[in-house]
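K.L.:
Below you will find the structure I want to go over with you.
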Amino acid sequence: MPELSLELPARCTSLFEGKNILVQVPTLRTLQVTAKTAFIFILPQYNISVPTADGELVHYCYGLKDLVTILFYIFIAIILHAVVQDYALDKISRRFHLSKVKHSKFNESGQLVAFHLTSMIWCLYVIVTEGYFSNPRSLWENYPHVYLPFQVKFFYLCQLSYWLHALPELYFQKVRKEEIPRQLQYICLYLVHIAGAYLLNLTRLGLILLLLQYVAEFLFHMARLVYFTDENNEKLMGVLLVVCLFQTWMMWRFIHFQLRRWREYWNEQSARKRAAASATIAKQQSKPLKRESGYHENGVVKAENGTSPRTKKLKSP
């Protein structure tokens with residue numbers, strides 16, 4: 001490794017008089033090894049190039065190195081948790097002079113509102129860009145979905161990191177002993193379902209279920225925050241109205257979707273019946289008519305030998 005002598009300013013020469021200052025400069029190989037190691041912590045691993053009609057797409061699968069990436073983002077989640085707590089929730093709780101019980105629940109709901117809102121928008125973006133809404137059949141077609149796009153795998157790694165970071169946060173937030181079993185059950189349920197969808201190659205269906213769950217959780221914890229900050233319950237009726245309107249809108253969209261599917265089904269069935277009837281008529285018209293043997297003369301059918309066919313006499317009973 002090369003060595004480089006360093007000249008100090010004049011005011012510092014008296015401190016290091018008679019001494020040589022040597023600085024080791026890292027080589028390019030050292031920088032490459034460091035960057036490769038850093039990528040294991042920052043970026044998803046196990047990338048695979050999949051050939052397509054338009055070229056090659058880079059997809060990912062899972063492996064043990066994902067644990068290193070998850071560990072890195074656990075520390076990132078802890079830092080973000082502290083930022084939200086110090087710069088937002090603590091200031092709001094001091095303003096409303098909450099009791100210890102309400103203060104603990106307020107912090108819990110405040111953190112979950114920030115997380116659920118971010119995850120809800122992120123999850124919706126992934127679902128739309130990957131075409132899972134426009135093509136619902138892709139949720140189960142070509143299962144198992146071993147190869148994942150970058151944004152799908154990164155989303156799942158961040159989700160696992162957040163819920164794993166919630167375990168040490170129980171100690172950092174000094175949660176009461178009575179609340180620990182409930183929160184442990186809450187965290188473990190999310191970890192089991194997210195890890196199960198990730199490891200069992202059910203990531204597409206898991207995205208849809210997480211979106212629905214996060215929407216419900218966001219509304220619940222948002223209403224909880226309003227309840228803690230509104231002693232006279234004046235704002236609670238407004239939140240309840242918003243929730244009812246949202247439920248009504250979802251019900252209308254569901255009914256409209258089912259009616260549209262019903263109309264498309266009956267139109268398709270009618271088109272099939274019309275096509276079958278048209279094919280039957282065309283087949284009957286194209287079928288040749290059987291002609292009687294012989295020929296007609298003066299309206300009388302003559303046999304081929306020139307004699308008219310004899311009529312059969314019916315026997316009287």
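Backbone N, Cα and C define each Cβ position, glycine as well.
Annotation source TrEMBL lists transmembrane segment at 70-89, 110-128, 148-167, 188-216, 236-255. Here TrEMBL flags 104-265 as domain 'TLC'. Residues or ranges marked as compositional bias 'Low complexity' in TrEMBL: 277-287. Residues or ranges marked as region 'Disordered' by TrEMBL: 277-317.
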K.L.:
Report, as numbers and ranges, which residues of the same chain sit near the transmembrane segment (110-128): CB under 8 Å and 6 or more residues beyond its ends.
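P.N.:
Sequence-remote neighbours of the transmembrane segment (110-128) are 81, 84-85, 88-89, 92, 151-152, 155, 159, 162, 207-208, 210-211, 214-215, 217-218, 221-222, 225.
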K.L.:
Where does the mean pLDDT land for the domain 'TLC' (104-265)?
P.N.:
88
